[in-house]
Amino acid sequence: MAKLTVKDVELKGKKVLVRVDFNVPVKDGVITNDNRITAALPTIKYILEQGGRAILFSHLGRVKEEADKEGKSLAPVAADLAAKLGQDVKFIPGVTRGAELEAAVNSLEDGQVLLVENTRFEDVDGKKESKNDPELGKYWASLGDGIFVNDAFGTAHRAHASNVGISANVEKAVAGFLLENEIAYIQEAVENPERPFVAILGGSKVSDKIGVIENLLEKADKVLIGGGMTYTFFKAQGIEIGNSLVEEDKLDVAKALLEKSNGKLILPVDSKEANAFADYTEVKYTEGEAVDPGFLGLDIGPKSIAKFDEALTGAKTVVWNGPMGVFENPDFQAGTIGVMDAIVKQPGVKSIIGGGDSAAAAINLGYADKFSWISTGGGASMELLEGKELPGLAALTEK
């Protein structure tokens, strides 16, 4: 990566501004999944060990009006982070700017941490965070000593005041360890993969993945398709899909992708289906691509798993984004499990999960430690897989 990293700058005695991704699920004031906090620890600890004073910024959820602030404070995160670091984390509830915040920042000593309140509290008055208000970026930058560390891959595809805005107003904007790893794994996999390189794309909508499919058809040796978007590809070929999910306005796109794929695009050959998405009374397996009338496909079948297993044999690089079925339901998780088994058994494979539902599937089904890398950013990893430049990354200082 041709950008400066946190190891390239002198941190001792400096007030270091750090954008982290602490956008974690919180229910009744309790964090239900702290993976993103854990992922940021190496960078935070490094800054503190080097004698820096860490000033952390993060958003939590969406905040559009005053009422949305309820339940969106980073207070539970501050407490969780303090426990993980084994030291106090300064935090002022509800405060994202002003004299009280400035006094707290200026009272920091070497090796101490302050977490600023949810950056999206600034969105209540004119979306200042989300629209990258220049005055806000300049103000937040003024709290530090000219060094900004971006370690929030999950928001790197957004141009916000707390990443791009601060970057524009500091002497050095550098990557943290998490951001560096994310870019190294995902970009390297797409731009310079060890071959054979197989991409697996699932999820419900073709529309979400058009750019990714187009880019990966150029870069990968094979692209396997599963999940709900399978049925848009099926219908584009005139195959009966029953009541399965379909994007009627994307049938031409699906057809065009199939035509230009030169056989690289591999689709399922059977389905596990039900007579309703949620309150179903009948589940059955259908041999062949067609789905029976009155039913909808909710997972790939055993022949598809075997076909994908064969396609993955010998793969040295695998990028997976999107489950094969409704994995949250035990009736429809066999496809996702089968594909994970097929990936992780390949000797010497570099296996990367592109965040989102795939990451949730690997974690919930006990496969997380079997993959080389699980991305912390769904949207950001999708844009990297699409070949796009990420604003948060572009704003960093060149080496």
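Just so you know, glycine gets a Cβ as well, placed from its N, Cα and C.
Model, not experiment: these values are computed from the prediction.
Features reported for this protein in Swiss-Prot:
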- ASP21, PHE22, ASN23, ARG36, HIS59, LEU60, GLY61, ARG62, ARG120, ARG158: substrate binding site (BINDING)
- LYS209, GLY297, GLU328, GLY355, GLY356, ASP357, SER358: ATP binding site (BINDING)
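Residues ASP21, PHE22, ASN23, ARG36, HIS59, LEU60, GLY61, ARG62, ARG120, ARG158 are listed as the substrate binders, and the farthest two of them sit 18 Å apart at their Cα atoms. Between the candidate binding-site residues, GLY297, GLY355, the densest Cβ environment within 10 Å is the one around GLY297. Of all residue pairs in the ATP-binding list (LYS209, GLY297, GLU328, GLY355, GLY356, ASP357, SER358), the one with the greatest Cα separation is 24 Å apart. DSSP assigns HIS59 (substrate binding site) to coil in the three-state reduction, outside any helix or strand. Between the CA atoms of GLY297 (ATP binding site) and GLY61 (substrate binding site) there is a gap of 32 Å, rounded to the nearest whole number. Rounded to a whole number, the distance between the Cα atoms of ASP357 (ATP binding site) and GLY61 (substrate binding site) is 17 Å. DSSP assigns ASN23 (substrate binding site) to coil in the three-state reduction, outside any helix or strand. Its own atom aside, the Cβ of ARG120 (substrate binding site) has 25 Cβ atoms within 10 angstroms in the protein chains shown.
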